[in-house]
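The domain 'FAD dependent oxidoreductase' annotation in TrEMBL covers A:7-178, A:245-357. Among the features that TrEMBL reports, region 'Disordered' is placed at A:181-250, A:540-597. Residues or ranges marked as compositional bias 'Acidic residues' in TrEMBL: A:207-226, A:241-250, A:542-552. Under the heading compositional bias 'Basic and acidic residues', TrEMBL lists A:560-572.
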Ligand SMILES: Cc1cc2nc3c(=O)[nH]c(=O)nc-3n(C[C@H](O)[C@H](O)[C@H](O)COP(=O)(O)OP(=O)(O)OC[C@H]3O[C@@H](n4cnc5c(N)ncnc54)[C@H](O)[C@@H]3O)c2cc1C
Ligand SMILES: Cc1cc2nc3c(=O)[nH]c(=O)nc-3n(C[C@H](O)[C@H](O)[C@H](O)COP(=O)(O)OP(=O)(O)OC[C@H]3O[C@@H](n4cnc5c(N)ncnc54)[C@H](O)[C@@H]3O)c2cc1C
């Protein structure tokens, strides 16, 4: 190929990284920029389900079948990111169940009937007598996003995290790149203007143009062609810290032949930078983390009047959700207890909220996760920008494929997509168990923490330790292990960086924790506070340097015939000794000057 | 069982109340219910009386002279300086040689496990050589297997925070102990392995890292009961001053303080009881007649509520309200919500608690006593943020002292 277009992808969620990977596999030059860390957006606050499609087979059969296909593909190419928990779907209190089972059958979604004894084994409450087993699974969205990114890098893509798009470059009308601003502050990532802040109660008023944008499943024009050669440049893995790390506040203009906007809930802000209006609809869903694995399957109870609630095992805990606003937490937990009685014993560890974002032209409901490609040349007369919105983690690879097909078409490139055929690299951390355990709740050792720190770029990023090792996600949410983990940054980083990282880590865990505090969890949280404030003596608002002048120092005593004794009282000593402490001529205590004379 | 004074709760305030009741009336029968257990696991073993004025950014050198500047509602202001001094004198009498600082009214500053500085007015002998205001340089030595204390990191911070020269070094964990508690046990028993006693093996491990600094700081794992002998061995063999840096939880200096208080209480005729939770309270005409755990029932002339705050189950509930579960005393909340937005913020739940009259009797909203023979002390009281102010030890000690006095007066 004589000419290789340079594609700039905005957004390091599961979708953006998959688009970058797909571009790289097809031999395009690609740069991805992410304002925070990978999977810091919606991708990192999902429920964690690999959908079989059963949950919305009646409402959105097309999406359901797409889920089933992609579910199978991901199991093939990314088995290490998936736990094959299987799923169980239970009937709603009143609702029709037979129609649902029939719908599954019609769409070839395996749904085998479960009897009461199976339900007993799963831990389902008495009184629920039916259910089906479906091929739902649990997916680790952090591992999957990392795997996409690493694969993209292996094929020559460049991935920049801590790089926030602040301008889109234009030549008047066409989009020709973007300007990014770097923020490499430790422990965290740049605090984005959180999209969740401005989500109205329901959704935004859909403002659809005359022409309908293209829903993806309507498009089916895969061109078959010779596969692209994988790039030969072997870039660093995410994690290899480069020496030319940009400073915080530094800006860079990245020129590109084409820009793909995969900024999720922030996509309208990106489009807005070029004066383009991109109408989105959003709704929030809340997840609650309960302690312990209450069940080993992803258990979904259908709902009479809304989106079903699922309880799924995730790294030793159980994640329950999504709880749509404005449902109260207690109400949702009661619903879960009615299905899984063991939930009444579990502690609520924390909650987090995700924002569903779809183009306003698709239904605002989360059913089916419709995905939309918006070619801004077609709708806004602005060449060079494609926005990709929606989908799900389960179907993200397919959505990325459609997007990259579109990009290739713009340049007359007819290479077929390889992302479904090539396995994703396993980036999980394997380490021996030498050294002490730092996070007891998750049995994460020092070696694993160090590997995760080494694997993050370009600055210490403790969020990476959490997502790669699971540390700080247990009962204490970092309260008892955060300082140990942050200390591992030392001595590569100074104590200020350690402090700042710890502060960020604890503060972000606290945000999810403080909402749910009651009873034993309240006591544990206050105990953790006391541990930091009193035992460790931490307080970020106190003075850096302590004036120790007027404090009591009589506690120090020199043992008879000690080294200090010899030094201080020895014949060579010129310092007078008062109360066992050598004094200078000014009467002030002397320390190391006295040593080694 | 029947006593003159029944103290419910085994934190510093509970022991203080029991010891104070016996001090006021040595013939009294006093029983302490250790409830809930292990209140000392997160204690540093240091007695913090007032380390910072509320909201202050610099440590306080003379806590008692700062009492003038505290709000009127502060327990120290309400009890008066004399009571605070008497309570300290009782502590000095109990702690004897094991603690340092007896009689002083000036705080000393000690390094914490992360290299911050913590003020205290009384402190165990095992930590006393660590005063950071005293001049000689120090070397912190950490053990790789104890991740709470990164000595090199702590030393860098401390070196910057204080005028001292501080160095740090990490070494392989001596005695292959897998926790501070395990190391303490091996050292207490001076267990022989490969023909060498544990204390000698520790000395050998430390020998190469002792440098020019005349004192070394070690993780607080130097025995639970034989600490003095162990530190002395190290000091003598290596010819350095030795001090401990508190780790936790469980914090060994905290545990040692508890043993000290418990042993003294028993030696002075008090009874210690590890019965479970109190589930029933019997009252008549404004008095508590009897309390019971379901298995055991106790009848006393006076009761002292010393169960601690929300951190130890003395107050329970959330996420909106707190209650006091034993006697169901009214609880006041200083603000909306129980916790602050910041993890290290000023959490209302820490300041929440039971309001009392001037005699430390819990009161209802119309200021009348919940029961004429019920007193309260320590963290269960409504009051300042004693955690942020580094005043938990002193407030516990002084309110316990006063509650114990009052309770014994009635008998
Ligand atoms: C199945 C599953 C189970 C999980 N279980 C747990 C668990 O047990 N415990 C747990 O702690 N987490 C858990 N998580 C992680 C959780 O989803 C989120 O990743 C986490 O809550 C994000 O929290 P945060 O404090 O980092 O961000 P939040 O404070 O919750 O903010 C939400 C989003 O806003 C952005 N943001 C907010 N503040 C900043 C900032 N200062 N800098 C940069 N970006 C910011 C980020 O994009 C972030 O993802 C789980 C995730 C999954 C998928
Ligand atoms: C509550 C909830 C539960 C869900 N549960 C599931 C589930 O169980 N299973 C499933 O398959 N799907 C689930 N989904 C759907 C799934 O989460 C999303 O479809 C998917 O994560 C979207 O990924 P994304 O990459 O498009 O967006 P994001 O992950 O949000 O990525 C966008 C990225 O763009 C970055 N960005 C924004 N602005 C800028 C800028 N100016 N410069 C640079 N970068 C920028 C952001 O930081 C962010 O990382 C759930 C969704 C929600 C809301």
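Note: Cβ is positioned from N, Cα and C throughout, glycine not excepted.
Caution: TrEMBL annotation is automatic and unverified by curators.
With a cut-off of 8 Å between Cβ atoms, none of the residues of this chain six or more beyond the compositional bias 'Acidic residues' (A:542-552) come close. According to DSSP, the secondary structure content of the domain 'FAD dependent oxidoreductase' (A:245-357) in residues is 25 helix, 48 strand, 40 coil. If you take every residue in the domain 'FAD dependent oxidoreductase' (A:7-178) and average the pLDDT, you get 94.
Broken down by DSSP into helix, strand and coil, the compositional bias 'Acidic residues' (A:542-552) contains 0 helix, 0 strand, 11 coil.
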